[in-house]
Amino acid sequence: MWPYNIHIRSRTLFYLGLLALVIFFWHFILRSDDFRMIRANQLPYVDFKHLLIACVLAAEKGGLEVVKSASNFNISLKGKTREGVDDVLTDGDKRSNVIMVNSLLYTIPGIKVISEENLQNDDIIELLNVEKHLKSTEYSAIPDDIQLNLDDLVIWIDPLDATKEYSEGLTEFVTTMVCVARNGEPIIGVIHQPFESKTYWTSKFGIDKKLLNFGSIDHQTNQSLRIIISRSHSGNVKNWLQKNPRLPKNLTIIEAAGSGYKTLQLLKDNADIYLHQTYIKKWDICAPNVLLRYSSKGGVMTTLNGVEIDYGFQTDVLNRDGIFATNRPDLIHWRDIINNPMGH
């Protein structure tokens with residue numbers, strides 16, 4: 001009986017050890033965020049919170065490269081805009097683009113990415129430490145159980161918004177931006193101000209707490225209508241507005257750079273309407289569109305004709321129909337007034 005008893009105990013210990021191994025594997029491996037991402041990409045799905053945090057980290061890493069390169073722009077010319085303005089490229093654009101694109105591609109394998117700069121360096125590979133931030137109170141408003149199909153998603157990246165102003169030392173206008181669209185609908189938007197070290201994000205499933213305090217000012221009926229436009233890509237919009245007989249006499253026109261910066265001025269209630277008349281690329285407006293759409297006030301960004309913009313992977317990267325944006329729903333009626341000066 002003695003050998004038999006030993007055999008029973010050995011077998012019992014074996015099964016107990018196997019059970020412990022299964023429990024360990026389930027708790028520390030299957031439930032880990034790394035495994036969830038691997039498993040998600042195999043399905044292929046991606047965890048929404050993981051995706052959001054990755055976008056925030058990518059925008060901030062790009063911003064670091066923008067700041068590092070500010071002392072040596074190494075400016076080259078890509079061409080000219082339709083308005084005849086030099087379309088410049090700097091080392092900040094290049095370095096930010098590489099780190100933002102690569103970090104997202106390697107952190108979220110299989111994701112589709114569209115970026116302003118068609119530049120990539122496969123020697124620079126950096127995974128984003130998303131797991132470190134998953135339990136942060138900053139993202140507590142985001143549910144933990146949302147899974148998205150990778151095939152439905154595309155990331156739009158602007159590695160350096162307001163490059164012209166960046167090259168001129170006007171760094172207050174500079175932002176890096178990341179946006180995620182699902183089946184053409186923008187659902188995650190990140191705007192990072194690298195020289196102020198400030199980041200703002202919003203999503204369809206949760207909002208950055210910092211944005212909850214924006215735009216809380218009570219407006220007076222006699223307050224001037226403040227329209228913010230581009231300082232270097234405005235086209236004829238300033239003259240167009242000034243000659244519009246349907247606009248108020250106390251109209252204030254603010255000239256600024258970068259769609260990210262201009263959108264933040266709407267959110268901070270430093271401007272009422274953001275107007276753009278000429279062509280604009282979708283990586284310039286995708287993240288701003290999200291921040292306005294899901295802001296606490298429920299803003300809008302559409303074409304001048306009031307059409308929602310499609311950010312799908314197969315769409316034209318160029319929006320040819322202008323931009324009307326506001327963070328105040330009570331001002332949306334100005335879109336028709338601005339677009340139809342004679343009231344037709």
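For all residues, glycine too, the Cβ spot is worked out from N, Cα and C.
Note that the structure is a prediction, hence the values are computed from the model and not measured.
Positions annotated as Mg(2+) binding site by TrEMBL: E116, D158, L160, D161, D284. Around D161 (Mg(2+) binding site), taking its Cβ as the centre, 27 other Cβ atoms fall within 10 Å, counting all chains.
Taken from TrEMBL, the feature transmembrane segment covers 12-30.
In the three-state DSSP classification, E116 (Mg(2+) binding site) falls within coil. Take the mean position of the Cβ atoms of E116, D158, L160, D161, D284, the recorded Mg(2+) site; other residues of that chain with a Cβ within 8 Å of it are I157, P159, A162, T163, T175, T176, M177, G258, S259, G260, K281, W283.
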